[in-house]
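Chemist: Take a look at what TrEMBL says about it:
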type     : residues : note
TRANSMEM : 36-58    : transmembrane segment
TRANSMEM : 164-185  : transmembrane segment
TRANSMEM : 206-229  : transmembrane segment
TRANSMEM : 235-258  : transmembrane segment
TRANSMEM : 270-298  : transmembrane segment
TRANSMEM : 318-338  : transmembrane segment
TRANSMEM : 350-373  : transmembrane segment
REGION   : 407-444  : region 'Disordered'
COMPBIAS : 409-422  : compositional bias 'Basic and acidic residues'
COMPBIAS : 424-433  : compositional bias 'Low complexity'
Amino acid sequence: MKFPGSVLASVFLFVAETMAALYLSSTYRSGGDGMWQSLTLLFSLLPCALVQLTLLFVHRDFSRDRPLVLLLHLLQLGPLFRCFEVLCIYCQSGHIEEPYVSITKKRQMPKNGLSEEIEKEVGQAEGKMFTHRSAFSRASVIQAFLGSAPQLTLQLYISTLQQNITVGRSVCMLLSLLSIVYGALRCNILAIKIKYDEYDVKVKPLAYVCIFLWRSFEIATRVIVLVLFTSVLKAWVVLVILINFFSFFLYPWILFWCSGSPFPENIEKALSRVGTTIVLCFLTLLYAGINMFCWSAVQLKINSPDLISKSQNWYRLLVYYMLRFIENAFLLLMWYLYKTDIYMYVCAPLLILKLLIGYCTAILFMLVFYQFFHPCKKLFSSSVSESFQRWLKCICCHCRWQKSSDSVGKTDVRSSGDRDETPSSSKISSMPSQILNADDLCSA
């Protein structure tokens, strides 16, 4: 059984960020900043409650008689209790012989065009460990994008206005950034495992490093751009956030309504139609929150049993990063035009250049991951380099076709001009002959 490192990382980030946010809110209270204290507590306690509900929902404790577990989750101690359970399962896994095991079949990655199917025995302890890992992965994503991302944006905005970064605020921002990056990393891994569920997926350490660098540059530049724009145009940032949020929130529902599929009923048997609607709305809310700051790595598909599209769509990925780059450049341009005196000692063009280069660096690490370190790259119908070459060929062919059409158009214009000149000269030369023929007829 693998060591539950992901569970320990999730619990550490959860506890550390919550403690840092509570300490920071106490400093705001002592300083008389009631609004900053309220927002800091909101972005700290709201994800805590959502994490408790997620753990209860995944483990299906609502329909089980476990009052102590429900009480611990009510006291916001659920992750610590689940972590203790995970450590107990891991420590007892090698000492207790399990009488019942289940057999799962997975296919290996193709080698030389061949893929073998392997069977693996899964005991009850390993099944429980898998459920815990899955629950904490989803909890990390929820904490990252519904709590840590707004928290990081808020604290960086306060630091920009006050032109001061305290030790407590810097620690809180660092933990929030690590939480967001870790949540985005878990989102990538979840997407890979859901899309390639029938394969035995093994992610290498270099893939984790590449994803970590990709997400770090992408999220850091995105948050800084939003904070800079908010600091000079506070009213317009609401419009930007609403457009981003509702675009990604309504997009899965529009696709679902256009498909004409029936309402999904197989998410959870114990849920009614109202409960299913609430769960789907929460999932689209989380989907919109993820795409607000970074690429979600998955496409939410409501009419699918897994709720996630398993097709690899490079076109959607390309469109997302192109539009996001254009949006970031536009927001930075607005900041440059309307910047205030607090940026007097900041070299604005250099800062804009650094942020755009940072976002391009994130895209570069993303391409490197999909080209070299993706665990299922052998299953791609076309690699990143091949798709990029095809895209360049299409652009070159389009440019050549446009040049050839322009040259053909110019030659047509010239030939038509020559034709217009030739009939006029023939008419002029033919007129005397016509006159002569008329005189001859008259004399005759």
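Just so it is clear, glycine is given a Cβ too, placed from its N, Cα and C backbone atoms.
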Chemist: For the transmembrane segment (206-229), name the stretch out of 36-58, 235-258, 350-373 with the most CB-CB pairs under 8 Å.
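Modeler: Between the candidates 36-58, 235-258, 350-373, the best contact partner of the transmembrane segment (206-229) is 350-373.
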Chemist: Residues sitting near the transmembrane segment (36-58): Cβ under 8 Å, six or more positions beyond its termini, same chain?
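Modeler: Result: 14, 17-18, 21-22, 24-25, 28-29, 69-70, 73-74, 76, 78-79, 82, 131, 134-136, 138-139, 142-143, 146-148, 150-151, 154-155, 158.
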Chemist: Give the nonlocal contacts of the transmembrane segment (164-185) in its own chain as ranges (CB under 8 Å, at least six residues past its ends).
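Modeler: Contacts with the transmembrane segment (164-185): 9-10, 13, 16-17, 20-21, 23-24, 27, 140-145, 147-149, 151-152, 155-156, 158, 208, 211-212, 215-216, 218-220, 290, 293-294, 297.
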